[in-house]
Amino acid sequence: MPGIVPSSVGWVHPADTVSGVQLTVVDHPLARARLSRMRDERTDNAMFRAALRELTQMLVYEATRDLQVAEEPITTPVTATTGYRLAAPPLIVPVLRAGLGMADTAHGMLPESQMGFVGLARNEETFQPEAYMASLPESLVGRDVFVLDPMLATGGSLVHCCELLTARGTTSITVLCALAAPDGIRRLEESGLPLRVFTASIDEGLNDKAYIVPGLGDAGDRQFGAV
Ligand code: PRP
Ligand code: URA
């Protein structure tokens, strides 16, 4: 997509900063393999959930690379040395429903983190997000927030979620998604929100139902069944 020129080497493409959005494509053979399993229409709900959990590990691993650590003295069975812990574990916010499938894995890797929740359902005629719940700390001033949603399609849902978060005072939001469409990335850029986005793929575009192409279908239905 214009303005974003992913490199072809390494575990992570170099981050490109475009209009306040810092974009990283986590491109790795293991990520491609998990994503392919998720894309395949023959993959059942359980296998889809497993592949999403594994992909989430890779996204979290990369997205936490720059977190600050605090030193603390520890004693091994052999001697005293310096240990490390996260100085300020980020708040984890899965976007319901589909982000739920990433939540346990992210929390397992960030066990000291708190978790908030945002519930959004996209109206499939207008493609606008409809909010049905938010359970978040009153103030997010000075806090890093990691938002989990496997799909960035038009971007409406993530802009809505991130605006809820910035309204509570955070200036540091990291979005983790399995797949992103160029339209959604543009929408995030236009929002002016200060964001980092980690995704395993930037797909070709959207179809006339605003589904990502080639995509993987409805990420909520693929995990939990159609409701
Ligand atoms: C999906 C997905 C995102 C949203 C992306 O959720 O999990 O939240 O669509 O679309 P957008 O970028 O065009 O806003 P959906 O609304 O289908 O709800 P679900 O997770 O409950 O299935
Ligand atoms: N939401 C999904 O679950 N899939 C898409 O392709 C677009 C929005």
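Yeah, the Cβs are placed from backbone N, Cα and C, and that goes for glycine too.
Taken verbatim from TrEMBL:
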- Arg97, Arg122, Asp149, Pro150, Met151, Leu152, Ala153, Thr154, Gly155, Gly156, Ser157, Asp218: 5-phospho-alpha-D-ribose 1-diphosphate binding site (BINDING)
- Ile212, Gly217, Asp218, Ala219: uracil binding site (BINDING)
- 25-225: domain 'Phosphoribosyltransferase' (DOMAIN)
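Mapped onto this structure are the features recorded in TrEMBL.
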residue: Arg97; record: 5-phospho-alpha-D-ribose 1-diphosphate binding site; Cβ within 10 Å: 18
residue: Asp149; record: 5-phospho-alpha-D-ribose 1-diphosphate binding site; Cβ within 10 Å: 25
residue: Met151; record: 5-phospho-alpha-D-ribose 1-diphosphate binding site; Cβ within 10 Å: 26
residue: Ala153; record: 5-phospho-alpha-D-ribose 1-diphosphate binding site; Cβ within 10 Å: 28
residue: Gly155; record: 5-phospho-alpha-D-ribose 1-diphosphate binding site; Cβ within 10 Å: 22
residue: Ser157; record: 5-phospho-alpha-D-ribose 1-diphosphate binding site; Cβ within 10 Å: 26
residue: Ile212; record: uracil binding site; Cβ within 10 Å: 27
residue: Gly217; record: uracil binding site; Cβ within 10 Å: 16
residue: Asp218; record: uracil binding site; Cβ within 10 Å: 16
residue: Ala219; record: uracil binding site; Cβ within 10 Å: 25
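Put simply, Ile212 is the one of the binding-site residues Ile212, Gly217, Asp218, Ala219 whose Cα lies nearest to the Cα of Ala153 (5-phospho-alpha-D-ribose 1-diphosphate binding site). The uracil site is set by Ile212, Gly217, Asp218, Ala219; from the centre of their CB atoms, other residues of the chain with a CB within 8 Å are Pro150, Met151, Tyr211, Gly215, Leu216, Gly220, Asp221, Arg222.
With a cut-off of under 6 Å between the Cβ and any atom of ligand 1, the binding-site residues Ala153, Ile212, Gly217 reduce to Ala153. When secondary structure is read from DSSP and collapsed to three states, Arg97 (5-phospho-alpha-D-ribose 1-diphosphate binding site) falls in the coil class. Among the binding-site residues Arg97, Asp149, Gly155, Ser157, Asp218, Ala219, the residues whose Cβ sits under 6 Å from any atom of ligand 2 are Asp218, Ala219. Here is what falls inside 10 Å of the CA of Ala219 (uracil binding site) among the binding-site residues Arg97, Gly155, Ser157: Arg97. Note on proximity: of the binding-site residues Arg97, Asp149, Met151, Gly155, the one nearest Asp218 (uracil binding site) is Met151, by Cα distance. In this model, the domain 'Phosphoribosyltransferase' (25-225) carries an average pLDDT of 97.
Reduced to three states, the DSSP call for Ala153 (5-phospho-alpha-D-ribose 1-diphosphate binding site) is coil.
Gly217 (uracil binding site) has Met151 as its nearest neighbour among the binding-site residues Arg97, Asp149, Met151, Gly155, Ser157, going by CA to CA distance. For Ile212 (uracil binding site), the spatially nearest entry among the binding-site residues Asp149, Met151, Ser157 is Met151, judged by CA separation.
Taken residue by residue with DSSP, Ile212 (uracil binding site) is part of a strand.
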